[in-house]
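If you check Swiss-Prot, you get these features:
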BINDING   G8, I9, S10, G11, S12, G13, K14, S15  ATP binding site
BINDING   D57, A58, R59, S60  GTP binding site
Amino acid sequence: MRIVLITGISGSGKSVALNALEDAGYYCVDNLPPHVLPELARYLDEAGQRRLAVAIDARSSASLDEMPGLIRSLSREHDLRVLFLNASTQALIQRFSETRRRHPLSGSPSHDANVGLLSSLEEAIERERELVAPLAEFGHQIDTSTLRANVLRTWVKRFIEQNSNDLMLMFESFGFKRGVPLDADLMFDVRALPNPYYDHELRPLTGLDQPVIAFLDALPIVHQMIDDIHAFLMKWLPHFREDNRSYLTVAIGCTGGQHRSVFIAETLAARFASAANVIVRHRDAPVDVDASSRLVTEVDRP
């Protein structure tokens, strides 16, 4: 049986991900107590159901300590995939304010006896981060701070379509001025490279546009940077695989996330297309966010 476990921070998009999996034919359960999961999986497996998706969050806080051992046990018996959704505190506060929904931990006792009840939304969010943090290492993290729901649905579809035996390698471009990605495993700073932004004709374009590609492709220092990152990853990818890592997010950052990081992320994704399942995401590039095939693109293998 294939089991997709969705966890992470409340407000980060778990319901969107669960709905996408339901549309893909999964039997979906929200807020399942962790200790019930093995029994449910056995029951559905015996009934002929081959796809199960479960969302678990801080509402199950009393059982969260059981999750690491449970994940290891289920991984031995099933095709288990763990998706950890995260978002910045600012983005989460905005989402809760817009929906006027109460955070699951609002009004709950603080772990600090001097604080008493968690009175503010920000306190509840930070407490939840502490509770679910141990689960992040078991799955692939997605920072949904800037993602629209339709883009997250597309990413979830990519996630479940990948071969479970392959390493999923995501190259994510971003701009430092908008903050670093929460989901990055490795991060490379390419701000030392010449910036197309200072060419007025290139400024409104992105690293996906041919004039910017031609500008950067003609610079030896850009290729040196790409070669160095490529060599580093080629050396260490086998070690990540030996460590049973199924997912690796490589973040490439420039100032605005529009030109250099986009070009380098695309170039590296093409180089690694035959070595792993590769996805490239451009977090901050001003591309059409409704055209998810550009924002979250699976690189075709040769």
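Glycine residues also receive a Cβ, built from the backbone N, Cα and C atoms like all the rest.
What Swiss-Prot annotates, mapped onto the structure for a quick look.
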{"residue": "G8", "record": "ATP binding site", "contacts (Cβ under 8 Å, 6+ apart)": "K14, D57, L83, F84, L85, N86, V132, L135, A136, Q141"}
{"residue": "I9", "record": "ATP binding site", "contacts (Cβ under 8 Å, 6+ apart)": "D57, L85, N86, A87, L92, I125, E128, R129, V132"}
{"residue": "S10", "record": "ATP binding site", "contacts (Cβ under 8 Å, 6+ apart)": "D57, A58, L92, H103, P104, L105, I125, E128"}
{"residue": "G11", "record": "ATP binding site", "contacts (Cβ under 8 Å, 6+ apart)": "A87, L92, R95, F96, H103, I125"}
{"residue": "G13", "record": "ATP binding site", "contacts (Cβ under 8 Å, 6+ apart)": "L85, A87, I142, T144, L147, A149, L152"}
{"residue": "S15", "record": "ATP binding site", "contacts (Cβ under 8 Å, 6+ apart)": "D30, A55"}
{"residue": "R59", "record": "GTP binding site", "contacts (Cβ under 8 Å, 6+ apart)": "N31, P104"}
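In the structure shown, across all protein chains, S12 is the one of the binding-site residues S12, K14, D57, A58 with the greatest number of other Cβ atoms within 10 Å. In the three-state DSSP classification, K14 (ATP binding site) falls within a helix.
Highlighted in sequence order, D57, L85, A87, T144 have their Cβ within 8 Å of the centre of the Cβ atoms of G8, I9, S10, G11, S12, G13, K14, S15, the residues recorded for ATP, and are not part of that set.
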